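According to TrEMBL, the ATP binding site annotation covers GLY102, LYS103, GLY104, GLY105, VAL106, GLY107, LYS108, SER109. According to TrEMBL, the feature domain 'MIP18 family-like' maps to 8-77.
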Amino acid sequence: MPVVTEDIVLKALSLVNDPELHQDLVSLGMVERVVVTGTQVHAKINLTTPACPLKGVIEADVRRAIEAVGASSVTVEFGATVRASNKPALPGIQHVILVGSGKGGVGKSSVSTNLAIALAQSGARVGLMDADIYGPSIAHMLGNTEDRIKANQNKQMLPLERFGVKFLSMANLVPAGQALVWRGPMLHGAIQQFLKEALWGELDYLIIDLPPGTGDVQLSLAQSVSITGAVIVTTPQDVALIDAARAMDMFKKSSIPILGVVENMSYFVAPDTGTRYDIFGHGGGKRKAEQMSLHFLGEVPLDMPLREASDQGTPVVISHPESSSAQSLVKISQNLAGRISVQSLQSLPML
Ligand SMILES: Nc1ncnc2c1ncn2[C@@H]1O[C@H](COP(=O)(O)OP(=O)(O)OP(=O)(O)O)[C@@H](O)[C@H]1O
């Protein structure tokens, strides 16, 4: 009977590469524990994100490698620690991610909200900040426009929480239906307060829903904290793609890496006939990403449940997890988390 030891298992795992990070699990510090009992092996693998898109592949590779050295049974357990590249973006916050669009109405807030919830559902600690000060829609989409934001005795704002996501939106500061007449410096102040003077606590990902366009708010944010990267949401139409390209250019000029592109309203499948219609065209987001050498994170169909869910305050990943839009959004959240892990590893200083 083959003798299996912890060292033999570790050696076997040092030949298993993380499929995205292209380094072996042992060098990446991802093998947290190996317990050998006779020929039974239990391995705990610590992923770089709980939303790891390739968890299944890693599990199969680990299992195969350990079985190959003679284990009769293998159990694989997963944990996850989200790591920042150098230092955390803000104290306690590993990654700040901007979601921008260029053009308005392309579904940026819907995408931000569902991505935040999907990441939280995977086990990550997630915050969602509505930087669309003039047209905040996050509170509405999360179904909480009623609660007012409170502060503690140190005057720190306390984020609200819904569906496992901490959030701050102007809609919870200003009474409903009232317009906000603020000038640039006040706007800058509000953003800074949301970002730096709120008690977010420990977060793996803070997602910031930007206002459409390429103006003051984006620059104000870019200058104030170290941002992991930006996600660009676009529809496949030329008018949206032109503005998306402008947003990409702005991020590049602000030295903010672009994590990837999402194509929303990508196509529509009629629920009664199953016929597919490419209402706004299809594939423009992917083509633009390719042209600009950016990653394409995925496409979200135009979907009734998504629109209804946003209006009712229960986002589609919660209310209709089986819908194709929800499934696409979950996949996109995993792709995004994967990109963040890769980017964080790449920007770590080489030993
Ligand atoms: N894939 C989709 N299928 C159906 N409806 C969608 C989809 N994406 C977004 N919508 C709907 O389109 C409208 C605009 O979406 P959303 O508010 O997310 O866009 P936005 O880009 O954040 O807009 P803005 O920032 O200009 O306010 C909403 O009513 C939303 O429910």
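Numbers here mean position along the shown chain, with the first residue as 1.
Positions of Cβ are set from backbone N, Cα and C atoms, glycine also.
Per-residue pLDDT, averaged over the domain 'MIP18 family-like' (8-77), rounds to 95. The number of other Cβ atoms within 10 Å of the Cβ belonging to GLY105 (ATP binding site), over all protein chains shown, comes to 11. Classification of SER109 (ATP binding site) by DSSP places it within a helix. The 6 Å Cβ screen around ligand 1 retains VAL106, GLY107 from the binding-site residues GLY102, LYS103, VAL106, GLY107, ordered by sequence position. Taking the mean position of the Cβ atoms of GLY102, LYS103, GLY104, GLY105, VAL106, GLY107, LYS108, SER109 as the ATP site, the remaining same-chain residues with a Cβ inside 8 Å of that point are SER101, PRO212, VAL233, THR235, ALA240, ASN264. All protein chains included, GLY102 (ATP binding site) registers 25 other Cβ atoms within 10 Å of its own Cβ. Counting other Cβ atoms within 10 Å of each Cβ, the binding-site residues GLY104, GLY107 show the lowest value at GLY104. Each of the binding-site residues LYS103, LYS108 was scored by how many other Cβ atoms lie within 10 Å of its Cβ, and the smallest score goes to LYS103. Assigned with DSSP, the residues of the domain 'MIP18 family-like' (8-77) fall into helix, strand and coil as follows: 20 helix, 22 strand, 28 coil.
Shown in sequence order, ASP130, ASP132, SER137, ILE138, MET141, ASP209, SER310 are the residues of the chain, 6+ apart in sequence, with a C-beta less than 8 angstroms from the C-beta of SER109 (ATP binding site).
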